[in-house]
Amino acid sequence: MELLSRALFFFLLLSVLSSFSSSSFISDGVFESQSLVLGRNLLQTKKTCPVNFEFMNYTIITSKCKGPKYPPKECCGAFKDFACPYTDQLNDLSSDCATTMFSYINLYGKYPPGLFANQCKEGKEGLECPAGSQLPPETSAEVNAATTSSSRLWLTVSAALLVFVKLF
């Protein structure tokens with residue numbers, strides 16, 4: 001019983017600490033989803049993205065990044081304008097955010113596979129997002145409302161289970 005309560009406490013502590021991480025770069029790892037890395041992903045289930053990329057406005061990319069030449073400066077700039085507000089979600093490689101976003105970018109833009117992965121390269125950490133490009137806290141809270149309510153539900157269930165274990 002004590003082992004179970006310690007494990008639950010450790011799980012709660014990890015979930016709280018993981019919510020404090022933030023980034024101002026779009027990691028190069030997000031481009032792996034565009035490169036169709038199948039072998040490693042077959043056995044790994046990814047959590048659902050808290051951002052609904054389905055109904056986003058992709059004209060910021062499709063109006064600037066046009067074929068047949070797909071100019072890198074315009075394409076990468078437009079990609080960063082679109083993606084930088086979601087760096088935290090896109091850099092979470094345990095979620096399907098990057099895969100989902102690239103699916104819709106390619107659906108609406110009809111881009112060749114790997115276009116952004118091959119053209120958009122900056123530093124060791126990935127694409128640098130300009131200061132202030134991340135979502136402000138109130139907008140971020142709206143985007144992540146599903147995650148927040150889900151996290152609260154799990155915390156409540158975990159706490160209830162912990163109390164139940166302690167009582168019996």
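Residue numbers in this text run from 1 along the chain shown.
Backbone N, Cα and C define each Cβ position, glycine as well.
Over in Swiss-Prot, the protein carries these features:
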SIGNAL    1-23  signal peptide
CARBOHYD  ASN57  N-linked glycosylation site
LIPID     ASN144  GPI-anchor amidated asparagine
(message) At a 10 Å cut-off from the C-beta of ASN57 (N-linked glycosylation site), count the other C-beta atoms across all protein chains.
(response) 9
(request) Please classify the secondary structure at ASN57 (N-linked glycosylation site) using three-state DSSP. (result) coil
